[in-house]
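Chemist: The structure is given below, and queries will be raised subsequently.
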Amino acid sequence: MKTFLTLLKREYWENKTGLQWVPLIIGGIAVFGVFLGVFVFSTSNVQINGVGSHDLTSLFKLYDVSVDSRTKAIGVQMGMYSGIFSFGFVLAIVGFFYCLGALYDDRKDRSILFWKSMPISDTMTVVSKVVTAMLVAPLFFWVILQITTLAIMLLATIFAWVSDASAWSNIWQPSNLFVIAFYQLQAFYVATLWAAPIIGYLLLVSSWTKKVPFLVSTVPVVLVIIAESIVTNTWHVASYIGERIGMIWAAFVTPVANIAGDFSDVLQSDASEFIQEDWIPLSFSKHLMDMDLWLGIVVGAAFVIGAIMIRRYRDEAL
């Protein structure tokens with residue numbers, strides 16, 4: 001266990017930019033944007049329907065006294081949860097390039113020779129890469145997302161005080177903070193489970209290719225799709241990839257359905273009907289009961305086993 005933790009620390013230090021600094025930058029941009037909107041432009045006047053002119057503090061005070069608590073709650077909770085979409089998108093990019101370089105970079109710079117001289121098995125090394133991609137990276141992004149959310153809520157609290165409005169009734173009470181955070185944590189990990197075959201495939205390519213892992217991982221897939229469309233006039237491979245990406249997206253959208261379902265009584269009738277018929281069926285339990293999810297995990301595991309076997313015989317990227 002101590003050896004495995006050392007390998008995880010190695011992954012962190014070698015990929016600190018992607019795991020830590022990238023989400024911190026995304027969070028910092030979000031907080032700075034809110035700061036600009038709330039404090040720099042709060043003195044600007046806003047016209048409503050072309051009639052009258054009001055500054056943002058006056059509008060917030062009007063919002064405080066005129067909007068009912070359930071409408072406030074759905075607005076706050078949707079706003080809080082929506083931060084996951086930018087973090088999830090960036091995590092997908094970071095994870096993609098992390099997996100491509102995970103078993104290639106140390107062969108390229110020949111540091112693999114040092115690690116192979118240590119009493120560390122290839123299996124343990126590859127599994128540490130899988131754990132980093134599927135457990136550690138989402139956890140880093142989730143923690144920094146929560147820090148970002150709290151920072152934005154603190155800015156909103158200060159703005160509420162400046163506006164002579166209640167920060168508790170407008171921000172903190174309707175936020176359902178811990179439930180939203182748990183939804184986001186679930187979404188990150190369910191999406192990661194759907195991405196398992198993609199992660200496994202990228203690690204397999206990373207362990208095998210001698211150069212340009214990005215092209216080696218993408219060009220053959222594109223060629224297979226083109227060949228299938230020409231020979232059989234079908235798009236099964238493209239459809240499978242599209243459906244897999246669609247389910248990753250669905251994992252992030254599922255909590256939106258849950259939140260909206262809780263407040264269907266305050267939504268417009270058309271939106272309420274849409275939620276009841278199309279969104280409510282989404283749930284994390286249904287994701288976990290989907291056979292395609294588990295088949296994808298099996299495929300991903302097979303790719304990882306292949307990566308382990310290849311790594312035993314590939315010491316350098318020549």
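Yeah, the Cβs are placed from backbone N, Cα and C, and that goes for glycine too.
Take a look at what TrEMBL says about it:
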type     : residues : note
TRANSMEM : 21-41    : transmembrane segment
TRANSMEM : 84-104   : transmembrane segment
TRANSMEM : 139-162  : transmembrane segment
TRANSMEM : 182-205  : transmembrane segment
TRANSMEM : 212-231  : transmembrane segment
TRANSMEM : 293-310  : transmembrane segment
Chemist: Count, for each of 21-41, 84-104, 139-162, 182-205, 212-231, the Cβ pairs lying under 8 Å from the transmembrane segment (293-310), and report the range with the highest count.
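Modeler: It is 182-205, which has the most Cβ pairs under 8 Å.
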Chemist: Are the transmembrane segment (182-205) and the transmembrane segment (21-41) close enough to be called in contact, which here means at least 3 C-beta pairs under 8 A that are separated by 6 or more residues?
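Modeler: Checked: the transmembrane segment (182-205) vs the transmembrane segment (21-41), no contact.
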Chemist: Do at least three CB pairs under 8 A connect the transmembrane segment (139-162) and the transmembrane segment (21-41), leaving out pairs fewer than 6 apart in sequence?
Modeler: yes
